[in-house]
Amino acid sequence: NLTTVVEFVLLGLANSRHLEITLFLFLLIAYFLILLGNFSVISITLVNNFLQTPMYYFLRNFALLEITFTSTFMPSTLYSLLTERKTISLLGCFLQMMFFYCLGTCTLFHMAVMSLDRYVAICHPLHYTAVMNHRFCLQLILSCWAVSFLLMLPPTIMTAQLPFCGPNVMNHFYCDASLLLQLSCTDTGLIEKLMFVILIIILPGTLIVTAVSYGCIIATILHIPSSAGRRKAFSTCSAHLIVVTVFYSTCIYRYIRPTQRGGQDSDKVLSLFFSVLTQTVNPYIYSLRNKQVKQALKESIL
């Protein structure tokens with residue numbers, strides 16, 4: 001009943017019309033590549049019988065997750081850049097925030113699960129089929145989704161229940177939780193501490209799992225007798241590690257800063273890195289560079 005704000009104003013990515021058009025074209029191409037790459041991965045891994053292994057099962061679900069995550073904010077951002085409409089309703093803002101954080105958290109868990117899958121496949125190949133059976137893979141996927149929503153729903157719902165009396169301007173291109181907390185006209189200390197604790201658990205926790213898995217993989221690769229085999233394996237792992245490093249470094253610097261508050265232009269640049277740049281290259285790094293996927297794609301086209 002204390003809320004007098006009926007909508008929020010998102011300042012977006014640019015303050016000049018020329019730059020807005022340029023960014024619109026750039027983001028439109030990026031969004032098209034994200035959809036094209038991920039839909040290609042989903043369709044190829046569904047119809048090709050040779051790609052019905054646990055690795056491609058995880059990649060297919062990861063592609064679906066990337067499409068849904070990017071679609072939480074990209075259509076509204078493109079619409080804002082094209083039409084100069086900067087406002088978003090309260091309900092739209094809270095729904096966008098909820099799905100952005102829940103799906104973003106699920107992405108982190110999913111990357112950790114995929115690194116574990118590769119660890120078992122490379123470091124324990126004889127046990128791979130027994131360990132990564134269909135039931136266990138399904139349990140891992142469902143756990144990623146369930147744990148992500150269970151962790152992020154409480155703070156997002158608490159944020160949505162806060163009163164907002166004005167101002168209603170956010171220096172961002174999507175509804176960011178830290179900025180919403182700044183706009184509330186009541187004490188938000190409890191929610192800020194809760195979100196910080198959750199992020200401290202999620203980001204370093206999944207990063208440790210991913211880093212240890214790739215560390216063991218690299219140690220195993222070093223024992224491959226063939227130099228050509230080592231180069232091929234290192235090429236794949238290095239590409240994965242670059243994507244993981246960019247994604248985690250920008251996320252950690254953006255969100256694990258207890259003494260700083262959001263709202264700077266640099267925050268928008270960091271958000272672009274982990275929400276657009278990495279999503280654009282992920283299907284090509286994780287899937288479409290793979291020899292089996294390229295062969296299956298070629299056969300499907302022919």
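Using N, Cα and C of the backbone, Cβ positions are placed for all residues, glycine too.
Any TrEMBL annotation is an automated prediction that lacks curation.
If you average pLDDT over the domain 'G-protein coupled receptors family 1 profile' (37-286) in this model, you get 87. Summarising the annotation, TrEMBL assigns domain 'G-protein coupled receptors family 1 profile' to 37-286.
Under the heading transmembrane segment, TrEMBL lists 23-51 (among others). Under 8 Å from some Cβ of the transmembrane segment (23-51) lie the Cβ atoms of residues 13-14, 57, 59-60, 63-64, 66-67, 70, 74, 77-78, 81-82, 276-277, 279-280, 282-284, 287-288, 292-293, 296-297, 299-300, all in the same chain and six or more residues away from its ends.
Sequence annotations record features per position, and here TrEMBL assigns transmembrane segment to 63-82 (among others).
Among the features that TrEMBL reports, transmembrane segment is placed at 88-116 (among others).
Look at TrEMBL and you will find 136-153 (among others) tagged as transmembrane segment.
Sequence annotations record features per position, and here TrEMBL assigns transmembrane segment to 196-222 (among others). Among residues of the same chain six or more beyond the transmembrane segment (196-222), those with a C-beta under 8 A of the stretch's C-beta atoms are 105, 108-109, 111-112, 115-116, 118-119, 122-123, 151-152, 155, 230, 233-234, 237, 240-241, 244, 248, 251-252, 255-256, 258.
The transmembrane segment annotation in TrEMBL covers 234-256 (among others). Outside the transmembrane segment (234-256), and at least 6 residues removed from its termini, the chain residues within Cβ reach (under 8 Å) are 108, 111, 115, 178, 196, 199-200, 203-204, 207, 210, 214, 217-218, 221, 262, 267, 270-271, 273-274, 277-278, 281-282, 285-286, 289.
What TrEMBL records for 268-288 (among others) is transmembrane segment. With a cut-off of 8 Å between Cβ atoms, the residues of this chain six or more beyond the transmembrane segment (268-288) that come close are 13, 27, 30, 33-34, 37-38, 40-41, 45, 56, 59, 62-63, 66, 69-70, 73-74, 104, 114, 171-174, 176, 239-240, 242-243, 246-247, 250-251, 253-254, 294, 297.
Outside the transmembrane segment (88-116) by six or more residues, the chain places 3, 5-8, 10, 55, 58-59, 61-62, 65-66, 68-69, 72-73, 76, 140-141, 143-145, 147-149, 151-153, 156-157, 159-160, 164, 174-177, 180, 202-203, 206, 209-210, 213-214, 240, 244, 247, 251, 275, 286 with a CB less than 8 A from a CB of the stretch.
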